[in-house]
Amino acid sequence: MPHQGLLLFRMAPLCVLLSMLMVSCFNFCLCHKNSEFALTNPEKSSTKETERKETEEELEPKILEVFHPTHEWQALRPGQAVPAGSHVRLNLQTGAREVKLHDEDKFQTNLKGLKKGKRLDINTNTYTSQDLKNALAKFKEGAEMENSKEDQERQAKVKRLFRPIEELKKDFEELNVVIETDMQIMVRLINKFNSSSSSLEEKIAALFDLEYYVHQMDNAQDLLSFGGLQVVINGLNSTEPLVKEYAAFVLGAAFSSNPKVQVEAIEGGALQKLLVILATEQPLTTKKKALFALCSLLRHFPYAQQQFLKLGGLQVLRSLVQEKGMEVLAVRVVTLLYDLVTEKMFAEEDAELTWDMSPKRLQQYRQVHLLPSLQEQGWCEITAHLLALPEHDAREKVLQTLGALLATCRDRFHQDTQLHRTLGTLQAEYQALAALELQEGEDEGYFRELLDSIDSLLTELR
């Protein structure tokens, strides 16, 4: 054992010497190594990297289509994209990749994977811009031709659903059914009304149906053209109150805003006949319809207004208003007077400002001396006393008329103590009602407007 330790002690320097010799040789080799095998050569390294990338790009297959896997293994061709979630394996016998769906996707495909995996590399040099323009032009032309064809087919389908009126008339004639125009219907109704063999009920029914048709301006003028208007006017002379009532009902509808019919009615004596009904003892419903026809005849027809004054129309209306039980008609009469007064005033103002009105029509309005006639015949007092009516709507219309008559009736109103008392009472009443409206959040309510009219009238009369 001492012999072995001595041997190791003597060999130690030799090992150190050999180690130093090996290190020197290694350094010598590094210093004289060929630069071709250097670890860092920037130029050659960059060149080789570029070549490597180009080679990889050439080797990388272009993805042109999406592979749609099933539940069976299928070979995957180069360039096909695999949807996310598919199962892929390498067939060791053939060397091909195979794809199928996972078992949990047995009843549905992975739509999300399809959408994400649908990548197509399109070669932009395949189609030129001119090719795309030509294709688009052909597409539009084809669409227009298709739309035109669709329109023709749709029109043909609609035509098959309907038949010409002449064919329908012929078929109806074979079935003893006649298609009548409005004109033919009105002729038939007038003949029914004018026939001596028709019962009272049949005549009333004919007038009732006729009123529906003459609301249209053209139909009312057609009624005039074949003489039907005069037949209805003559019906105002009937001894049957119902015939008078419904005849006036038809005339009121035909007169409304229809100047041609209004002129023919004046010439046919309609105004006189209506005033007779209003001046004689008749049922309230008959007088109501007669007043309706009179209002339709007078509005916007200054010549008829002149004739109304000449025939004593204001006296007839005054008697009607003062008749007991005619309060409903009294409000309508006051409304008519207000409309006539303001119509004349606005017509004269418009003529001065715009010169649009014909001189003849303006002259007709100037010959309607309505306000002086109202003052002379006591309408200032009559209108003021109607303010005692209990209905708010009636009071509103009376207040409007009092305002329109103020310039003419100011002196009469000043002397009318009953009017002042009534206005004071109404002022207190509507102050309370307006206060309630204000509490409910209505700053400009209905009662507030009535109160303003009363306050304005009282201010003018002080």
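Each residue, glycine too, has its Cβ placed from N, Cα and C.
For 1-257, the entry in Swiss-Prot reads region 'Interaction with HSPA5 and localization to the endoplasmic reticulum'.
The signal peptide feature in Swiss-Prot is assigned to 1-31; the stated evidence is sequence analysis.
Annotation comment: Swiss-Prot describes ASN194 (among others) as N-linked glycosylation site, evidence class sequence analysis. In the three-state DSSP classification, ASN194 (N-linked glycosylation site) falls within a helix. Listed in sequence order, the residues of the same chain lying 6 or more apart from ASN194 (N-linked glycosylation site) and placing their CB within less than 8 Å of its CB are VAL231.
In three-state terms derived from DSSP, ASN237 (N-linked glycosylation site) belongs to a helical segment. Remark: ASN237 (N-linked glycosylation site) has LYS273 as non-local neighbours, by Cβ distance under 8 Å and separation of at least 6 in sequence. Look at Swiss-Prot and you will find ASN237 (among others) tagged as N-linked glycosylation site, backed by sequence analysis.
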Revision key, fill the gap. On average, residues of the region 'Interaction with HSPA5 and localization to the endoplasmic reticulum' (1-257) score a pLDDT of 72
